[in-house]
(Lines of atoms letter the chains of each structure in order from A and count residues from 1; the text may use other names and numbers.)
(Lines give C-alpha, C1' and ligand atoms only; values in the text may rest on other atoms or scores of the structure.)
Protein backbone atom coordinates (compact mmCIF):
# COMPACT_ATOMS: atom_id res chain seq x y z
CA UNK A 1 0.00 0.00 0.00
CA UNK A 2 1.52 3.32 -1.08
CA UNK A 3 1.39 6.30 1.30
CA UNK A 4 -0.95 9.13 0.42
CA UNK A 5 0.21 12.54 -0.79
CA UNK A 6 -1.04 14.28 2.36
CA UNK A 7 1.04 11.91 4.51
CA UNK A 8 4.18 12.68 2.50
CA UNK A 9 3.57 16.42 2.74
CA UNK A 10 3.00 16.21 6.49
CA UNK A 11 6.07 14.04 7.00
CA UNK A 12 8.23 16.44 4.96
CA UNK A 13 6.94 19.41 6.94
CA UNK A 14 7.74 17.63 10.22
CA UNK A 15 11.28 16.87 9.04
CA UNK A 16 11.82 20.50 8.04
CA UNK A 17 10.52 21.74 11.40
CA UNK A 18 12.74 19.33 13.34
CA UNK A 19 15.79 20.23 11.27
CA UNK A 20 15.09 23.94 11.82
CA UNK A 21 14.77 23.37 15.56
CA UNK A 22 17.99 21.33 15.61
CA UNK A 23 20.08 23.86 13.67
CA UNK A 24 18.48 27.00 15.09
CA UNK A 25 21.89 28.24 16.29
CA UNK A 26 24.66 29.40 13.96
CA UNK A 27 28.28 30.31 14.58
CA UNK A 28 31.09 31.83 12.55
CA UNK A 29 33.96 29.60 11.44
CA UNK A 30 36.94 31.91 10.84
CA UNK A 31 40.50 31.28 9.70
CA UNK A 32 42.41 33.96 11.59
CA UNK A 33 45.72 32.39 10.55
CA UNK A 34 45.16 33.84 7.08
CA UNK A 35 46.06 37.34 5.93
CA UNK A 36 43.45 39.88 7.12
CA UNK A 37 41.96 42.60 5.00
CA UNK A 38 42.90 46.18 5.92
CA UNK A 39 39.98 48.56 5.31
CA UNK A 40 40.04 52.28 6.00
CA UNK A 41 36.74 52.80 7.80
CA UNK A 42 36.60 56.47 6.76
CA UNK A 43 34.69 57.58 9.82
CA UNK A 44 35.07 61.13 8.50
CA UNK A 45 32.47 60.17 5.85
CA UNK A 46 29.86 59.75 8.58
CA UNK A 47 28.24 63.12 7.79
CA UNK A 48 28.99 62.91 4.09
CA UNK A 49 26.18 64.14 1.81
CA UNK A 50 26.80 63.32 -1.89
CA UNK A 51 24.64 66.19 -3.19
CA UNK A 52 26.14 69.09 -1.23
CA UNK A 53 29.40 71.01 -1.83
CA UNK A 54 30.28 69.12 -5.03
CA UNK A 55 33.50 70.12 -6.81
CA UNK A 56 35.46 68.76 -9.78
CA UNK A 57 38.95 67.29 -9.17
CA UNK A 58 41.70 65.83 -11.32
CA UNK A 59 42.64 62.37 -10.00
CA UNK A 60 45.61 60.21 -11.03
CA UNK A 61 45.87 56.73 -9.47
CA UNK A 62 47.42 53.29 -10.04
CA UNK A 63 45.28 50.49 -11.44
CA UNK A 64 45.10 47.41 -9.19
CA UNK A 65 45.68 43.81 -10.35
CA UNK A 66 45.94 40.43 -8.57
CA UNK A 67 47.80 37.26 -9.66
CA UNK A 68 48.54 33.84 -8.13
CA UNK A 69 52.12 32.83 -7.38
CA UNK A 70 53.46 29.36 -6.38
CA UNK A 71 55.70 29.33 -3.31
CA UNK A 72 57.34 27.03 -0.76
CA UNK A 73 56.44 27.52 2.92
CA UNK A 74 59.05 26.40 5.47
CA UNK A 75 58.17 26.27 9.17
CA UNK A 76 60.68 25.05 11.79
CA UNK A 77 60.02 24.54 15.51
CA UNK A 78 62.46 23.73 18.31
CA UNK A 79 61.13 21.52 21.12
CA UNK A 80 62.96 22.13 24.41
CA UNK A 81 62.54 19.80 27.39
CA UNK A 82 64.44 20.17 30.67
CA UNK A 83 63.96 17.50 33.34
CA UNK A 84 64.99 17.88 36.99
CA UNK A 85 65.67 14.69 38.99
CA UNK A 86 65.53 15.27 42.75
CA UNK A 87 67.46 13.46 45.47
CA UNK A 88 64.36 11.70 46.79
CA UNK A 89 63.17 10.43 43.45
CA UNK A 90 60.72 13.22 42.57
CA UNK A 91 61.12 15.13 39.33
CA UNK A 92 59.69 18.01 37.33
CA UNK A 93 59.96 19.14 33.71
CA UNK A 94 59.80 22.37 31.71
CA UNK A 95 58.56 22.03 28.14
CA UNK A 96 59.05 24.97 25.77
CA UNK A 97 58.28 25.22 22.04
CA UNK A 98 60.10 28.00 20.20
CA UNK A 99 60.13 29.08 16.59
CA UNK A 100 63.43 28.26 14.85
CA UNK A 101 64.38 31.04 12.41
CA UNK A 102 67.69 29.67 11.14
CA UNK A 103 68.44 27.59 8.07
CA UNK A 104 66.94 24.16 7.51
CA UNK A 105 70.41 22.58 7.63
CA UNK A 106 70.95 24.14 11.04
CA UNK A 107 67.82 22.50 12.40
CA UNK A 108 69.42 19.36 13.87
CA UNK A 109 67.22 16.36 14.64
CA UNK A 110 69.43 14.98 17.42
CA UNK A 111 69.34 15.82 21.12
CA UNK A 112 71.83 18.21 22.70
CA UNK A 113 72.24 17.65 26.47
CA UNK A 114 73.65 20.33 28.73
CA UNK A 115 74.13 20.88 32.48
CA UNK A 116 74.54 17.17 33.32
CA UNK A 117 74.73 17.74 37.05
CA UNK A 118 73.93 20.46 39.59
CA UNK A 119 74.34 20.18 43.34
CA UNK A 120 74.30 22.47 46.40
CA UNK A 121 74.20 22.06 50.15
CA UNK A 122 70.47 21.50 50.75
CA UNK A 123 69.38 19.43 47.76
CA UNK A 124 70.96 17.63 44.88
CA UNK A 125 69.38 17.86 41.44
CA UNK A 126 70.28 16.44 38.05
CA UNK A 127 69.09 18.65 35.16
CA UNK A 128 69.02 17.10 31.68
CA UNK A 129 68.08 19.26 28.69
CA UNK A 130 66.93 17.82 25.38
CA UNK A 131 66.34 19.91 22.25
CA UNK A 132 64.83 18.54 19.05
CA UNK A 133 64.19 20.60 15.92
CA UNK A 134 61.62 19.70 13.26
CA UNK A 135 60.78 21.42 9.95
CA UNK A 136 57.76 21.17 7.67
CA UNK A 137 58.13 22.15 4.00
CA UNK A 138 54.91 22.65 2.00
CA UNK A 139 54.15 23.75 -1.55
CA UNK A 140 51.56 26.55 -1.44
CA UNK A 141 49.94 29.15 -3.68
CA UNK A 142 49.74 32.80 -2.62
CA UNK A 143 48.00 35.84 -4.10
CA UNK A 144 50.07 38.89 -5.07
CA UNK A 145 48.36 42.24 -5.58
CA UNK A 146 49.64 45.64 -6.64
CA UNK A 147 48.25 47.43 -3.56
CA UNK A 148 49.22 46.85 0.07
CA UNK A 149 49.19 44.36 1.64
CA UNK A 150 51.02 42.99 -1.38
CA UNK A 151 50.56 39.29 -0.54
CA UNK A 152 47.63 37.25 0.73
CA UNK A 153 48.05 33.77 2.28
CA UNK A 154 45.36 31.45 3.60
CA UNK A 155 47.76 29.53 5.90
CA UNK A 156 49.55 32.48 7.59
CA UNK A 157 49.53 36.26 7.87
CA UNK A 158 51.53 37.61 4.91
CA UNK A 159 50.73 41.28 5.52
CA UNK A 160 54.37 42.06 6.35
CA UNK A 161 55.72 41.04 2.92
CA UNK A 162 57.20 44.18 1.35
CA UNK A 163 57.78 45.12 -2.26
CA UNK A 164 61.53 44.55 -1.85
CA UNK A 165 60.91 41.01 -0.51
CA UNK A 166 58.71 40.29 -3.52
CA UNK A 167 61.56 41.27 -5.81
CA UNK A 168 64.12 39.23 -3.82
CA UNK A 169 62.12 35.97 -3.91
CA UNK A 170 62.23 35.27 -0.16
CA UNK A 171 60.26 36.66 2.77
CA UNK A 172 60.06 35.97 6.50
CA UNK A 173 56.53 36.09 7.89
CA UNK A 174 55.45 37.51 11.23
CA UNK A 175 55.25 34.04 12.85
CA UNK A 176 58.90 33.24 12.00
CA UNK A 177 58.26 30.94 9.03
CA UNK A 178 59.71 31.68 5.58
CA UNK A 179 58.39 31.81 2.02
CA UNK A 180 60.47 31.24 -1.12
CA UNK A 181 59.12 31.95 -4.60
CA UNK A 182 60.08 33.26 -8.01
CA UNK A 183 61.04 36.95 -7.78
CA UNK A 184 58.18 39.17 -8.89
CA UNK A 185 58.24 42.87 -9.83
CA UNK A 186 55.05 44.83 -9.22
CA UNK A 187 53.81 46.83 -12.18
CA UNK A 188 50.75 49.08 -12.30
CA UNK A 189 49.18 51.30 -14.93
CA UNK A 190 48.46 54.97 -14.24
CA UNK A 191 44.82 56.04 -14.72
CA UNK A 192 43.90 59.73 -15.12
CA UNK A 193 40.29 60.80 -14.49
CA UNK A 194 38.18 63.81 -13.64
CA UNK A 195 35.90 62.94 -10.72
CA UNK A 196 33.29 64.83 -8.75
CA UNK A 197 34.14 65.03 -5.06
CA UNK A 198 32.42 66.40 -1.99
CA UNK A 199 34.11 68.92 0.29
CA UNK A 200 33.37 68.40 4.01
CA UNK A 201 33.01 71.99 5.17
CA UNK A 202 32.50 71.32 8.89
CA UNK A 203 36.07 70.09 9.37
CA UNK A 204 39.05 72.17 10.46
CA UNK A 205 40.98 70.98 7.38
CA UNK A 206 39.60 70.71 3.85
CA UNK A 207 38.65 67.09 3.17
CA UNK A 208 37.42 65.86 -0.21
CA UNK A 209 35.47 62.60 -0.45
CA UNK A 210 35.00 60.41 -3.54
CA UNK A 211 32.20 57.85 -3.77
CA UNK A 212 34.13 55.90 -6.44
CA UNK A 213 36.88 55.05 -3.91
CA UNK A 214 34.80 55.29 -0.70
CA UNK A 215 37.71 57.33 0.62
CA UNK A 216 38.37 60.89 1.72
CA UNK A 217 41.62 62.83 1.44
CA UNK A 218 42.92 65.87 3.31
CA UNK A 219 43.82 68.69 0.93
CA UNK A 220 46.86 70.92 1.33
CA UNK A 221 46.55 73.99 -0.87
CA UNK A 222 43.98 72.13 -2.93
CA UNK A 223 46.01 68.95 -3.57
CA UNK A 224 46.80 65.56 -2.06
CA UNK A 225 49.78 63.41 -3.06
CA UNK A 226 50.80 59.86 -2.13
CA UNK A 227 52.53 56.88 -3.73
CA UNK A 228 49.25 55.49 -5.10
CA UNK A 229 47.03 58.52 -5.84
CA UNK A 230 47.30 62.24 -6.63
CA UNK A 231 44.33 64.59 -6.23
CA UNK A 232 44.12 68.22 -7.40
CA UNK A 233 41.02 70.33 -6.76
CA UNK A 234 40.98 73.89 -8.13
CA UNK A 235 37.90 75.50 -6.54
CA UNK A 236 37.98 73.81 -3.15
CA UNK A 237 36.95 76.91 -1.14
CA UNK A 238 34.11 78.28 -3.21
CA UNK A 239 31.39 75.81 -2.19
CA UNK A 240 31.72 76.05 1.60
CA UNK A 241 29.36 78.32 3.54
CA UNK A 242 30.60 80.10 6.68
CA UNK A 243 29.90 78.36 9.97
CA UNK A 244 26.97 79.43 12.07
CA UNK A 245 27.74 80.66 15.56
CA UNK A 246 26.41 78.45 18.30
CA UNK A 247 23.79 79.96 20.54
CA UNK A 248 24.33 80.47 24.22
CA UNK A 249 22.15 78.08 26.17
CA UNK A 250 20.91 78.06 29.72
CA UNK A 251 22.93 75.42 31.62
CA UNK A 252 21.60 76.02 35.15
CA UNK A 253 18.88 73.35 34.98
CA UNK A 254 21.04 70.61 33.46
CA UNK A 255 20.82 67.25 35.20
CA UNK A 256 22.91 64.13 34.72
CA UNK A 257 20.35 62.21 32.66
CA UNK A 258 21.15 61.67 29.00
CA UNK A 259 17.73 62.80 27.77
CA UNK A 260 18.23 66.14 29.53
CA UNK A 261 21.71 66.64 28.04
CA UNK A 262 20.81 65.63 24.51
CA UNK A 263 19.06 68.90 23.47
CA UNK A 264 21.88 70.92 25.00
CA UNK A 265 24.57 69.05 23.11
CA UNK A 266 22.63 68.84 19.86
CA UNK A 267 25.23 70.81 17.93
CA UNK A 268 28.00 68.63 19.38
CA UNK A 269 26.26 65.39 18.35
CA UNK A 270 26.09 66.69 14.81
CA UNK A 271 29.79 67.49 14.63
CA UNK A 272 31.60 64.84 12.59
CA UNK A 273 34.94 65.42 14.31
CA UNK A 274 33.49 64.72 17.77
CA UNK A 275 31.72 61.62 16.51
CA UNK A 276 34.95 60.44 14.94
CA UNK A 277 36.81 60.88 18.23
CA UNK A 278 34.11 59.02 20.13
CA UNK A 279 34.03 56.08 17.72
CA UNK A 280 37.79 55.74 17.55
CA UNK A 281 38.12 56.10 21.32
CA UNK A 282 35.52 53.43 22.10
CA UNK A 283 36.26 50.85 19.41
CA UNK A 284 39.96 51.52 18.93
CA UNK A 285 41.08 50.61 22.46
CA UNK A 286 39.44 47.20 22.91
CA UNK A 287 36.85 48.42 25.42
CA UNK A 288 33.89 47.32 23.30
CA UNK A 289 33.37 44.60 20.73
CA UNK A 290 34.90 45.88 17.51
CA UNK A 291 33.48 43.03 15.42
CA UNK A 292 29.90 44.10 16.06
CA UNK A 293 30.75 47.68 15.06
CA UNK A 294 32.56 46.52 11.92
CA UNK A 295 29.57 44.42 10.86
CA UNK A 296 27.24 47.39 11.21
CA UNK A 297 29.65 49.90 9.66
CA UNK A 298 30.61 47.75 6.67
CA UNK A 299 27.11 46.21 6.38
CA UNK A 300 28.51 42.67 6.38
CA UNK A 301 27.29 40.15 9.00
CA UNK A 302 29.95 37.45 8.52
CA UNK A 303 33.20 39.22 9.48
CA UNK A 304 35.31 39.60 12.61
CA UNK A 305 38.18 41.93 13.38
CA UNK A 306 39.43 44.89 15.35
CA UNK A 307 40.26 48.56 14.73
CA UNK A 308 43.70 50.18 14.79
CA UNK A 309 43.80 53.97 14.33
CA UNK A 310 40.71 54.06 12.16
CA UNK A 311 41.72 51.06 10.01
CA UNK A 312 39.68 47.88 10.29
CA UNK A 313 41.60 44.58 10.41
CA UNK A 314 38.97 42.17 9.04
CA UNK A 315 38.73 38.41 8.41
CA UNK A 316 36.04 36.83 6.26
CA UNK A 317 34.08 33.99 7.91
CA UNK A 318 31.32 31.59 6.92
CA UNK A 319 28.30 30.55 8.95
CA UNK A 320 27.91 26.97 10.19
CA UNK A 321 25.15 25.20 12.10
CA UNK A 322 26.01 24.37 15.72
CA UNK A 323 24.15 23.04 18.75
CA UNK A 324 24.58 23.83 22.43
CA UNK A 325 26.22 21.23 24.67
CA UNK A 326 25.76 20.71 28.40
CA UNK A 327 27.61 23.48 30.25
CA UNK A 328 29.39 21.18 32.71
CA UNK A 329 32.77 22.97 32.93
CA UNK A 330 34.00 26.26 34.39
CA UNK A 331 34.22 28.03 31.02
CA UNK A 332 33.17 31.62 30.31
CA UNK A 333 31.94 30.82 26.79
CA UNK A 334 29.27 28.13 26.28
CA UNK A 335 30.35 24.83 24.67
CA UNK A 336 28.81 23.93 21.31
CA UNK A 337 29.01 20.94 19.00
CA UNK A 338 30.11 21.32 15.38
CA UNK A 339 30.67 18.21 13.24
CA UNK A 340 31.16 16.06 16.32
CA UNK A 341 33.85 18.33 17.83
CA UNK A 342 33.63 20.56 20.86
CA UNK A 343 34.04 24.33 20.40
CA UNK A 344 33.22 27.43 22.42
CA UNK A 345 30.96 30.20 21.08
CA UNK A 346 32.26 33.62 22.11
CA UNK A 347 30.22 36.81 22.45
CA UNK A 348 30.87 37.76 18.81
CA UNK A 349 29.42 34.47 17.53
CA UNK A 350 32.80 32.97 16.60
CA UNK A 351 33.81 29.35 17.20
CA UNK A 352 36.93 29.01 19.37
CA UNK A 353 38.95 26.08 20.64
CA UNK A 354 39.81 27.81 23.93
CA UNK A 355 37.98 29.94 26.47
CA UNK A 356 38.66 31.91 29.67
CA UNK A 357 37.75 30.40 32.99
CA UNK A 358 34.66 31.42 34.93
CA UNK A 359 33.40 30.63 38.38
CA UNK A 360 30.73 27.90 38.67
CA UNK A 361 27.23 29.25 39.13
CA UNK A 362 27.75 32.37 37.01
CA UNK A 363 24.60 33.15 35.01
CA UNK A 364 25.14 34.61 31.53
CA UNK A 365 22.65 36.23 29.15
CA UNK A 366 23.95 35.90 25.57
CA UNK A 367 22.82 37.12 22.14
CA UNK A 368 23.20 34.74 19.19
CA UNK A 369 20.39 35.96 16.96
CA UNK A 370 18.15 35.35 19.99
CA UNK A 371 18.64 35.78 23.72
CA UNK A 372 19.89 32.74 25.64
CA UNK A 373 20.48 32.19 29.36
CA UNK A 374 23.01 29.68 30.65
CA UNK A 375 24.74 28.89 33.94
CA UNK A 376 28.43 28.01 34.14
CA UNK A 377 29.07 24.49 35.40
CA UNK A 378 25.38 23.62 35.67
CA UNK A 379 25.46 20.62 33.32
CA UNK A 380 22.44 22.09 31.48
CA UNK A 381 22.34 23.51 27.96
CA UNK A 382 21.65 27.26 27.60
CA UNK A 383 17.99 27.96 26.89
CA UNK A 384 16.26 30.72 24.99
CA UNK A 385 14.69 33.54 27.00
CA UNK A 386 12.26 36.31 26.08
CA UNK A 387 11.80 39.81 27.44
CA UNK A 388 9.06 42.40 27.43
CA UNK A 389 9.77 44.52 24.35
CA UNK A 390 8.66 47.84 25.82
CA UNK A 391 10.89 50.81 26.55
CA UNK A 392 10.89 52.97 29.66
CA UNK A 393 9.89 56.62 29.48
CA UNK A 394 13.26 58.20 30.38
CA UNK A 395 12.01 59.42 33.77
CA UNK A 396 14.05 58.03 36.63
CA UNK A 397 11.21 57.88 39.18
CA UNK A 398 8.83 55.99 36.90
CA UNK A 399 11.70 53.80 35.71
CA UNK A 400 12.40 52.64 39.27
CA UNK A 401 8.70 52.16 40.00
CA UNK A 402 8.12 50.03 36.92
CA UNK A 403 10.98 47.66 37.78
CA UNK A 404 10.45 47.47 41.54
CA UNK A 405 9.54 43.78 41.52
CA UNK A 406 12.68 42.12 42.94
CA UNK A 407 12.74 41.40 46.70
CA UNK A 408 15.43 43.29 48.56
CA UNK A 409 17.79 40.49 49.59
CA UNK A 410 21.40 40.92 50.60
CA UNK A 411 23.58 39.67 47.76
CA UNK A 412 26.37 38.49 50.05
CA UNK A 413 24.13 36.60 52.49
CA UNK A 414 22.08 35.18 49.65
CA UNK A 415 25.10 33.84 47.82
CA UNK A 416 26.63 32.34 50.96
CA UNK A 417 23.86 29.74 50.97
CA UNK A 418 25.28 28.35 47.72
CA UNK A 419 28.07 25.91 48.71
CA UNK A 420 29.89 26.37 45.39
CA UNK A 421 29.96 30.14 45.68
CA UNK A 422 30.87 29.89 49.35
CA UNK A 423 33.83 27.66 48.49
CA UNK A 424 35.03 30.16 45.90
CA UNK A 425 34.46 33.10 48.25
CA UNK A 426 31.52 35.48 48.44
CA UNK A 427 33.52 38.28 46.82
CA UNK A 428 34.39 36.13 43.82
CA UNK A 429 30.87 36.40 42.45
CA UNK A 430 31.54 40.04 41.60
CA UNK A 431 34.10 38.99 38.99
CA UNK A 432 33.18 37.15 35.77
CA UNK A 433 36.55 35.37 35.65
CA UNK A 434 38.18 33.27 38.35
CA UNK A 435 41.56 34.12 39.75
CA UNK A 436 43.54 31.21 38.37
CA UNK A 437 47.11 30.55 39.46
CA UNK A 438 47.85 27.23 37.77
CA UNK A 439 47.96 28.37 34.14
CA UNK A 440 51.55 28.71 32.93
CA UNK A 441 50.90 28.40 29.20
CA UNK A 442 49.12 30.44 26.58
CA UNK A 443 47.59 29.32 23.30
CA UNK A 444 48.81 31.56 20.47
CA UNK A 445 46.98 29.72 17.71
CA UNK A 446 50.03 28.01 16.18
CA UNK A 447 50.94 25.79 19.13
CA UNK A 448 51.10 25.38 22.90
CA UNK A 449 53.78 27.74 24.20
CA UNK A 450 55.20 27.63 27.72
CA UNK A 451 55.90 31.06 29.20
CA UNK A 452 58.82 29.83 31.28
CA UNK A 453 57.64 29.72 34.90
CA UNK A 454 59.93 27.44 36.99
CA UNK A 455 58.66 24.17 38.39
CA UNK A 456 59.22 23.29 42.06
CA UNK A 457 57.63 19.85 42.21
CA UNK A 458 60.64 18.48 44.13
CA UNK A 459 59.92 20.78 47.14
CA UNK A 460 57.45 18.35 48.74
CA UNK A 461 58.05 17.46 52.43
CA UNK A 462 55.39 14.73 52.50
CA UNK A 463 56.93 13.26 49.39
CA UNK A 464 60.33 13.34 51.08
CA UNK A 465 58.94 11.43 54.09
CA UNK A 466 57.27 8.91 51.80
CA UNK A 467 60.48 8.44 49.81
CA UNK A 468 62.54 8.14 53.01
CA UNK A 469 60.29 5.40 54.39
CA UNK A 470 60.32 3.66 51.01
CA UNK A 471 64.11 3.83 50.94
CA UNK A 472 64.28 2.48 54.52
CA UNK A 473 62.01 -0.44 53.63
CA UNK A 474 64.00 -1.06 50.47
CA UNK A 475 67.30 -0.95 52.42
CA UNK A 476 65.91 -3.27 55.11
CA UNK A 477 64.83 -5.74 52.47
CA UNK A 478 68.27 -5.63 50.84
CA UNK A 479 70.01 -6.18 54.21
CA UNK A 480 67.66 -9.10 54.97
CA UNK A 481 68.51 -10.71 51.61
CA UNK A 482 72.23 -10.20 52.27
CA UNK A 483 72.00 -11.77 55.74
CA UNK A 484 69.95 -14.63 54.33
CA UNK A 485 72.49 -15.28 51.57
CA UNK A 486 75.31 -15.26 54.14
CA UNK A 487 73.55 -17.53 56.69
CA UNK A 488 72.21 -20.16 54.27
CA UNK A 489 75.63 -21.65 53.24
CA UNK A 490 76.72 -21.75 56.89
CA UNK A 491 73.54 -23.56 57.96
CA UNK A 492 73.92 -26.08 55.11
CA UNK A 493 77.56 -26.80 56.07
CA UNK A 494 76.66 -27.16 59.75
CA UNK A 495 73.88 -29.65 58.94
CA UNK A 496 76.21 -31.65 56.70
CA UNK A 497 78.86 -31.79 59.42
CA UNK A 498 76.62 -32.57 62.39
CA UNK A 499 73.75 -34.33 60.64
CA UNK A 500 70.12 -33.91 61.43
CA UNK A 501 69.09 -33.34 64.97
CA UNK A 502 67.33 -36.33 66.53
CA UNK A 503 65.80 -37.13 69.94
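Every residue gets a Cβ built from N, Cα and C, even glycine.
For 63 (among others), the entry in Swiss-Prot reads N-linked glycosylation site, with the evidence type sequence analysis. Taken residue by residue with DSSP, residue 63 (N-linked glycosylation site) is part of neither helix nor strand, so it is coil. Other C-beta atoms found within 10 angstroms of the C-beta of residue 63 (N-linked glycosylation site) number 11, with every protein chain shown included.
According to Swiss-Prot, the feature N-linked glycosylation site maps to 109 (among others), an assignment based on sequence analysis.
Annotation comment: Swiss-Prot describes 192 (among others) as N-linked glycosylation site, evidence class sequence analysis. Following the DSSP three-state reduction, the secondary structure of residue 192 (N-linked glycosylation site) is strand.
Under 8 Å, Cβ to Cβ, and six or more positions away along its own chain, residue 196 (N-linked glycosylation site) finds 54, 55, 56, 57. Annotated N-linked glycosylation site per Swiss-Prot: 196 (among others), in sequence order.
The N-linked glycosylation site annotation in Swiss-Prot covers 202 (among others), and the record cites sequence analysis as its basis.
Cβ environment of residue 221 (N-linked glycosylation site): no same-chain residue six or more positions apart lies under 8 Å away. Marked as N-linked glycosylation site by Swiss-Prot on the basis of sequence analysis: 221 (among others).
Here Swiss-Prot flags 230 (among others) as N-linked glycosylation site. Cβ-based neighbour count (10 Å, all protein chains) for residue 230 (N-linked glycosylation site) stands at 16.
Counting only same-chain residues six or more apart in sequence, the Cβ atoms lying under 8 angstroms from the Cβ of residue 235 (N-linked glycosylation site) belong to 55, 56. Residues or ranges marked as N-linked glycosylation site in Swiss-Prot (evidence: sequence analysis): 235 (among others).
The feature N-linked glycosylation site is assigned by Swiss-Prot to 321 (among others). Neighbour density for residue 321 (N-linked glycosylation site): within 10 A of its CB lie 14 other CB atoms from the protein chains shown.
Neighbour density for residue 328 (N-linked glycosylation site): within 10 A of its CB lie 14 other CB atoms from the protein chains shown. In the three-state DSSP reading, residue 328 (N-linked glycosylation site) counts as coil. Annotated N-linked glycosylation site per Swiss-Prot: 328 (among others), in sequence order.
Positions annotated as N-linked glycosylation site by Swiss-Prot: 388 (among others).
According to Swiss-Prot, the feature N-linked glycosylation site maps to 438 (among others).
Summarising the annotation, Swiss-Prot assigns signal peptide to 1-22.
Taken from Swiss-Prot, the feature topological domain 'Extracellular' applies to 23-467, supported by sequence analysis.
Per Swiss-Prot, the feature topological domain 'Cytoplasmic' maps to 489-503; the stated evidence is sequence analysis.
Per Swiss-Prot, transmembrane segment is recorded for 468-488, and the stated evidence type is sequence analysis.
With respect to their backbone Cα atoms, residue 328 (N-linked glycosylation site) and residue 321 (N-linked glycosylation site) stand 21 Å from each other. The two recorded residues residue 63 (N-linked glycosylation site) and residue 192 (N-linked glycosylation site) have their Cα atoms spaced 10 Å from each other. The number of other CB atoms found within 10 A of the CB of residue 192 (N-linked glycosylation site), across every protein chain shown, is 9. For the recorded site, residue 221 (N-linked glycosylation site), the DSSP three-state label reads coil.
Between the CA atoms of residue 321 (N-linked glycosylation site) and residue 230 (N-linked glycosylation site) there is a gap of 47 Å. Here residue 230 (N-linked glycosylation site) is positioned 9 angstrom away from residue 192 (N-linked glycosylation site), judged by their C-alpha atoms. For the topological domain 'Extracellular' (23-467), the mean pLDDT of the prediction comes to 72.
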